[in-house]
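Per Swiss-Prot, the features are:
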type	residues	note
BINDING	Leu124, Gly128, His129, Leu130	(6S)-5,6,7,8-tetrahydrofolate binding site
SITE	His232	site 'Plays an important role in substrate specificity'
MOD_RES	Lys233	N6-(pyridoxal phosphate)lysine
Amino acid sequence: MTDTGFFTETLDSRDPDIFGAIRKELGRQRDEIELIASENIVSRAVLEAQGSVLTNKYAEGYPGKRYYGGCQYVDIVEELAIERAKQLFGCEFANVQPNSGSQMNQAVFLALLQPGDTFMGLDLNSGGHLTHGSPVNMSGKWFNVVSYGVRQQDQLLDMDEIRKKAHEHKPKLILAGGTAYSRVWDWAEFRKIADEVGAWLMVDMAHIAGLVAGGQHPSPLPNAHVVTTTTHKSLRGPRGGMVLTNDADIAKKINSAVFPGLQGGPLMHVIAAKAVAFGEALRPDFKDYAAQVVANARAMADELMKGGIDIVSGGTDNHLCLADLRPKGVTGKATEAALGRAHITCNKNGVPFDPEKPFVTSGIRLGAPAGTTRGFKEDEFRQIARWIVEVVDGLAANGEEGNAEVEARVKAEVEALCARFPLYNGL
């Protein structure tokens, strides 16, 4: 057999273009401060599991009930992922096959709703997600969505409005959870409202799952009928999703909805990486990590407010804060770009009752999980906040074209900080 290098040639030789792009991305992650709240940095072990030979294996079905042969070892992997997820969140049932956060939510809708049914979800402008009923998303196109939001005076969830809307519209399902809400969710009150109108309570805890696992946010599982979460973000695993419940009937419906309802063969290499991340989150030091994430987010929010940047709801109880830039007279879009040039990565984000268009916005969303994984503590996050204020003030004074000197100065200081907290040595 002629040796074509198929089993031996490394990526740098076989595809230098892709190898080069990956190396550049590694350099970006090493040299920039990552503040996107939905991003994190996985362990070397998670990377290794996701890049394993499990990518070769098709495994339609569930452990012990596959439609393909040769699944005895991937069954071990998936069973470990399931058992670790159940232990981590104290639940009876876990489906670890959803490929993404959108698909995990779609699976619940497929299991519990019919097209045209009514459900309630947090409005995108108040910190919800596209899959919580946005009109441009499948969830908003296939179902009758009644959105709820926050109060204008304090940007906190308006539980009176939520109860009133639930009694008025009688939804079949109420969805709690969001992507840009920085305060503690009252799961018990949501369940009370759901029970009053005979609705399912679904919680999407994608953003705060790591904080729940680490004991820094109340778990929704004692109250929710079904819980979804991504496995990355604050949970620090690979990109993917899962569905949790304590109800055997719902678990059966969810399993059927994920496969064969929504997906075919699961991504076994990703499920292996999920299992590794769950194992890491079960270690005692993960509780320390979760506590540090919250402490860092609070320090950053506090320092931003000292610098004259408004923080939605006046602070944070979790891993993120939402900065309202209107007092500074700059937009989220311009600020995201300016901070990017200074090697601070974040995302533009709408604020409650935002007058700007979705691709412009009046705010930026800032998260602590990735920086905390890197080793940053409160002092580093306060310094990061001061750099953000410096860039924003420069942007307000000099405009987008005249802020290069400020951005270059901050960039040099950012790179010096990053050099003290290296990523993936030897990779």
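Indices start at 1 and increase along the chain as displayed.
Cβ coordinates come from backbone N, Cα and C, glycine included.
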Neighbour-count leader, CB within 10 A, binding-site residues: Leu124, Leu130: Leu124
Neighbour tally for the residue listed as 'N6-(pyridoxal phosphate)lysine', based on other Cβ positions within 10 Å of its Cβ: 28
Winner by Cβ contact number (other Cβ atoms within 10 Å) across the recorded positions His129, His232: His232
Chain-internal residues, separated by at least six, CB under 8 A from Gly128 ((6S)-5,6,7,8-tetrahydrofolate binding site): Gly121, Leu122, Ser134, Ser147, Gly178, Thr179
His232 (site 'Plays an important role in substrate specificity') versus Leu130 ((6S)-5,6,7,8-tetrahydrofolate binding site) - Cα distance in angstrom: 18
Coarse DSSP state, helix versus strand versus coil, of the residue listed as 'N6-(pyridoxal phosphate)lysine': helix
Near-site residues: (6S)-5,6,7,8-tetrahydrofolate, ref Leu124, Gly128, His129, Leu130, CB cutoff 8 A to centroid: Gly121, Leu122, Asp123, Thr131, His132, Gly133, Ser134, Asn137, Gly178, Thr179
Cα separation, His129 ((6S)-5,6,7,8-tetrahydrofolate binding site) to Lys233 (N6-(pyridoxal phosphate)lysine) (Å, whole number): 14
Inter-residue Cα distance where the pair is His129 ((6S)-5,6,7,8-tetrahydrofolate binding site) and His232 (site 'Plays an important role in substrate specificity'), in Å: 16
DSSP state at Leu124 ((6S)-5,6,7,8-tetrahydrofolate binding site), helix/strand/coil: helix
